[in-house]
Amino acid sequence: MLSSAQLQEFANNYGIPLWGLDASIALVLAVAVFCLCGLGVVVLVYMERKIAADFQIRYGPLHVGWHGSLQLVADILKLITKEDVFPKKADPWIFRLAPAIVFLAAFVGLLVMPIGPGLVVQDLNVGLIYVLAIPSIGIAGLIMAGFGSYNKYAMMGSLRAAAQMVSYEIPRALSVIGVVMIAGSAKLSAIVGAQGIWHIILQPLGFMVFLVSTLAELNRTPFDLPDTEAELVAGFSMEYSGMRFAFFFFGEYIALMAASALTVVLFLGGWHGPGPEFLAPVWFLIKTFGVIFLAMWIRWTLPRFRIDQVMDLGWKVLLPLALLNILITGIVMLII
Amino acid sequence: MSKLEEIKTSEVSLDGLGVDISSNGDAGESRTDIRSEELAINFGPQHPSAHGVFRAIFHVDGEVVTKIEPKIGYLHRCFEKIAENRTYTQFIPYTDRMDYVSSMLNNWAYVLTVEKLAGIEVPERAEYIRVIVGELQRIASHLVFLTTAGVETGAVTPYMYYFDEREQILNLFEGVCGARLTYNYMRIGGVSADLPDGWLEDTKVFLKRLAKTMDETDKLLLGNYIFKKRMIGMVPFTAEDALKWGLTGPSLRAAGVPYDIRKADPYSVYPRIDFDVCTRFNCDNYDRASIRSDEIRQSMRIIEQAIEQIPDGPVKAEGIPKVFKPAAGEAYGHVEASRGDLGFYIVSDGTTKPYRVKIQGPSFGNLQALPAMAEGSYFGDVILAFGTLDTVFGEVDR
């Protein structure tokens, strides 16, 4: 990376305003992250299919490409060529906008993830708050999808999604306060830098609350109530088809990737690992995929909760535990 | 009059509180504005949990289903009328298509009634073969049930484990009759063909394998914390209600009523075989699901004993032509099918074709209890209650 003095000089030499240079660099990096995201989704979808198949004593995709590795490409081609079905009574703007919002909200979370020392698109001072707050805009996308579709099942699915995600937002945000207290910063790179000892050891309770509420945020089993096939058929994405549906689908996987990366940054030591420094991104990726594997493992093993149990767990169990965690952390820090 | 009652019964007085009710009109109006209405949701006939083509109108208030209006008839194929235009033997394949998840038992119920009508003795070996394939069919059907119960709670992995076992049963059935779903194996007076060589040994090997898988999957699904928490105590039904609504089979036994046709009105060689009638307690979602697992184990016991006891000999009664004329009269026969009491009532007028065939399907009787059972429960629980009643729509509509 270039230092700010070098950038200043570069800007002066070519008569470009500094903000313009900053913006174009950020844009290039964002596009790079976007492309990596696309690659990540391909890997993740393949991984999920193979893992699910392995748990279910079957093979999974096998025929398109080497061991079915190009299956997703074939699927995307199919989705692109599909007819864009638009329900007659759907709200045109809300219906069209919803997938984009869900996708973008999931994507922007990745922009502040430090995958190595200095390897970050934008290292915000309030990175943690940003990463907790911005992806929550995705809820608006889900509500819009349910509302705009003019479908009762979709409406119920989106209401469930809203209720569930709003409830779990609170324990999730509270569970990371312990981490901020220890690291003394809300900057994600500073949090990673502070982890001589991983926070999972110092904050086991916070980690557990964070992991459970993250699964609930991601709408994955055992909390996949917004799109329970048995009850709501496909939930909020019921009326969507073709590429519009694909955006929900990709959004889900990118959100999984972002949430796993955040788990690694906050609790699992980020890029720290044995070996020279250039291995840092590798360690980060290995850890992230470990968390993703855990999420998939849980998904393909457990049944799902009922809606009232999900609410009970969020408000009556996780929220008090998160508060208790803050209390314990505070007391311990006072003593030490 | 205690203080509490006084407060409850006395009219609320606003005197002296400084509240002017007449100026409070706006608040009253906005309260009626936000009053929510019930939503009528069309469930099925194309729905992942419709178990075929069940259609119902669910009236939901938030997540709670307040009213269920079942609409059936989407799979009606006039079997009872068709029976009047077919000879007695010709109708056997039609019974396959009623409860297509347990065809063998449908075959059995029909041929049993015709044999009763015509006074035909079935050779002993044929009776044992019927018991073995019948119980294997019950296991296969219950495996499908456990599968769907898992899928409806979101556990999609046990699906494959159960279906793998069911596949073995289908392989065995393919060995005896060549078909994998609609068998048409039973004949009036016996079965269509003897068992192939080594088939009984294969069955024994399968039973060992199944016992292992059942122990494993019981831990994976029925013993799962979330599954239990989700199902226990939900949508219960009392024994009185269950009897009143005409529940039969595992759903009735889940309420604690030990009514099993194999014991209550024994047929075939069941009196010679030692087995227990499984019962549960509350007929809640969990009881209705886990009783199937218990019954699979009892069926395994029955098959093991039948394999020990099976004699050699013919598998079909002598001298029954394909087209025959039973004397005028009527007969009722029923078997314990995998979903309950499956009965046939056949009236003969002395010709080659039955005058009237009335079929009493257990799925139909079980389904009619659904509104009484599930109204007032959560949407997700209603789906599970419907799933755990284990209805097959080929049999509800016939």
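Indices start at 1 and increase along the chain as displayed.
Glycine is no exception: its Cβ is also placed from the backbone N, Cα and C atoms.
Now, the feature entries from TrEMBL:
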type     : residues  : note
TRANSMEM : A:23-47   : transmembrane segment
TRANSMEM : A:93-116  : transmembrane segment
TRANSMEM : A:128-150 : transmembrane segment
TRANSMEM : A:170-191 : transmembrane segment
TRANSMEM : A:197-216 : transmembrane segment
TRANSMEM : A:245-268 : transmembrane segment
TRANSMEM : A:280-301 : transmembrane segment
TRANSMEM : A:313-335 : transmembrane segment
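Proximity of distant same-chain residues to the transmembrane segment (A:128-150), defined by a Cβ-Cβ separation under 8 Å and at least 6 residues beyond the stretch ends, is recorded for 87, 89-91, 93-95, 97-103, 105-106, 108-109, 112-113, 156-159, 161-162, 165-166, 169, 172-173, 176, 180, 186-188, 191, 217, 226, 235-240, 248, 251, 255, 258-259, 262, 266.
With pairs at least 6 apart in sequence, the transmembrane segment (A:93-116) and the transmembrane segment (A:197-216) have fewer than 3 Cβ pairs within the 8 Å limit; the two do not touch.
Here the transmembrane segment (A:280-301) lies next to the transmembrane segment (A:93-116) in space: the count of CB pairs under 8 Å, restricted to residues six or more apart, reaches at least 3. The list of residues near the transmembrane segment (A:245-268) in space but at least 6 beyond its ends in sequence, with Cβ under 8 angstroms from a Cβ of it, reads 37, 40-41, 44-45, 48, 76, 79, 99-100, 102-103, 105-107, 109-110, 113-115, 128, 131, 135, 138, 141, 145, 176, 179, 188, 191-192, 198-200, 203, 206-207, 210-211, 214, 217-220, 236-237, 284, 287-292, 295.
A Cβ distance under 8 Å defines the sequence-distant neighbours of the transmembrane segment (A:170-191), meaning residues of its chain 6+ beyond its ends; these are 112-114, 117-118, 120, 123-129, 131-132, 199, 202-203, 206-207, 209-210, 213-214, 217, 265-267, 270, 314, 318-319, 321-323, 325-326, 328-330, 333.
Using a Cβ-Cβ cut-off under 8 Å and counting only residues 6 or more beyond its ends in the same chain, the transmembrane segment (A:23-47) has close neighbours at 61, 68-69, 71-73, 107, 110-111, 121-122, 250, 253-254, 256-257, 289, 292-293, 296. For the transmembrane segment (A:313-335), the list of distant contacts is 164, 167-168, 170-171, 174-175, 177-178, 181-182, 203, 205-206, 208-209, 212-213, 216, 305: same-chain residues at least six beyond its ends, Cβ to Cβ under 8 Å.
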